[in-house]
Amino acid sequence: MKRKGFLGILIFLHSWKPASAFFAGHGNHKENSPFLNNLEAGKGGDYYDKNLALFEEELDIRPKVSSLLGKLVNYTNLTQGVKEHEEAESTDGSKKKVSKSPSMGTLMGVYLPCMQNIFGVILFLRLTWMVGMAGVLQSFLIVLLCCCCTMLTTISMSAIATNGVVPAGGSYFMISRSLGPEFGGAVGLCFYLGTTFAGAMYILGAIEILLTYIVPQAAIFHPSGAHDASSAMLNNMRVYGTVFLLLMAVVVFVGVKYVNKFASLFLACVVISILSIYAGAIKSIFDPPEFPICMLGNRTLSRDQFDVCAKTIVKDNITVASKLWKLFCLNTNLTTNCDEYFLLNNVSEIAGIPGAASGILKDNLWSNYLEKGEILEKAHHPSVDAAGQKNNLHLYVLSDIATSFMVLVGIFFPSVTGIMAGSNRSGDLKDAQKSIPIGTILAIVTTSLVCILLKLAEYGDAVNKNLVVGTLSWPSPWVIVIGSFFSTCGAGLQSLTGAPRLLQAIAKDNIIPFLWVFGHGKANGEPTWALLLTALIAELGILIASLDMVAPILSMFFLMCYLFVNLACAVQTLLRTPNWRPRFKYYHWALSFLGMSICLALMFISSWYYALVAMLIAGMIYKYIEYQG
């Protein structure tokens, strides 16, 4: 009895762990994740850094704040495989670095990259304009549709990520190894084309910010007449866009290590800009910013050519004609007959951003769609109906394009793409099956809330040459203007970095034989030929020179990509494919089918002819890969 008791004490002492060791292993096993149906117990050692320090001595070896700051400083927005090329450039052939095991977590590896990709040029340049055209209710519907599409696609992506071991190589490798080469090739090429046109869109957005809000004097082409402003701007966009594209392509060609050095800066620009908008929105409730809009009757005037919003001014105790009078009447004689609408209606100033407490949301509930060239009018504002002179139309704020619910869906959708940024780093993630679903879903929830809460302003970005979101921001409009410019440039640079490597990966798989040449590159693996093709395709988007025209094109390719992902997951489940066993708790084939249906609906809502072309291209790719065997 004594011997048994002594052995029992030894066994107890051998198996006993201190409290800190118990908490270190408890609750960190993979089967405890609320998102996974995992039957295998994971090792708590992978999550050693997540422990709570119970003793003072542990704080010295587990510095929480410093480790987080260190990760933020070393943050990279480069895709899987790019860092290996960077190391190959910076090390000699004789010196080989020891490969490191994947160490990125959910925050640095998935959440922040997705946030940086989703927050882009559409949010800063087109969101307030979209609310002004569609109204609060329909703009909410647009955001809801687009976010539902990406959320359901993320659930399908999460199912793919939890279907066995996640391979390194990004979204293309993850999808093609799980769903087969046909779906993988079709999704990969659609994703490549969408990413390439996204690079062109980001460059056009950066040029628009530069020439409209930062340095208007830098314009090369100037309008020769009152109606040539748009054509001059398009030519400026083409020239500057081509220059920016060449500079970015050279930077990517010289070495991705230079792109990586600015990753933290671009991320900081995005975060600071969003916080500045929220701070300004809260401040505007009590103290709205000064953003006066000059109105003639109920028509909005463009203040490019005059400064005083009045028909007359007092000069040396004498009432004289203002500059606005000279523009409409072509003389300074106050008794002369001129534009009938100008004479019969009063000139007034109203607050462009009256603040949330002023009831602006109620006034802006309903849509106000315009045809191209139509004057922007404010409903219920006093006005006398009269015919104005056509040669004075340039003095009003005119609609640049014909707007409708369908057009706005196509323009807005690129602002919710970027959900594959986390899966592009699958080889760098410590636990890809856990990080990809959690990080991507949290990023979509965060960005959706930001888009919904930013629907405050009534007028678009063309009034008085001021960016509405910038005027709303705190402490200065320049925070948004400069921040959006650098973040947009960073997004364009990232697209031009990731797209060639995606094409190179597809070419190396040899599923599309005529692309074999794009699998080759420099000695360190840099995709030189793929970069050249990417730059040429992006130049096509630059030559279009209109952000509103390029956005629907890349929307089609991204929607086609998401449609294939949802379709493949639903088909694999319904056919009960033996190698398809996703462990994501909230996945169901009906959700994938619903996501596919929303993608298809959004494609035809945006542009039915673009949708047919995109489906034809994707179908041809799929059948070609199937034919090649």
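Note: Cβ is positioned from N, Cα and C throughout, glycine not excepted.
Note: TrEMBL annotation is automatic and uncurated.
Note on TrEMBL: of 110-129, 610-629, the range annotated with the feature transmembrane segment is 110-129. Counting same-chain residues at least six beyond the ends of the transmembrane segment (186-216), those with a Cβ under 8 angstroms from any Cβ of the stretch are 120-122, 124-125, 171-172, 175-176, 179, 233, 236-237, 240-241, 244-245, 248, 414, 417, 420, 465-467, 470, 481-482, 484-485, 488-489, 491-492, 495-496, 498-499, 502-503, 505-506, 512, 534, 537-542, 544-547, 550-551, 553-554, 557-558, 560-561, 564-565, 568, 614, 617-618, 621-622, 625. Stretch with the largest number of CB pairs closer than 8 A to the transmembrane segment (237-256), among 110-129, 262-281, 529-547, 553-574: 529-547.
Per-stretch counts of Cβ pairs under 8 Å to the transmembrane segment (141-166) identify 586-603 as the leading one among 395-416, 553-574, 586-603.
For the domain 'Amino acid permease/ SLC12A' (110-285), the model's average pLDDT works out to 82. Within the chain, the transmembrane segment (395-416) has long-range Cβ neighbours (under 8 A, six or more residues past its boundaries) at 118-120, 122-123, 126-127, 130, 133-134, 138-139, 142-143, 145-147, 149-150, 198, 201, 230, 296, 299-302, 305, 327-328, 367, 369-376, 444, 447-448, 451, 462-463, 548, 551-552, 554-555, 558-559, 602, 605-607, 610.
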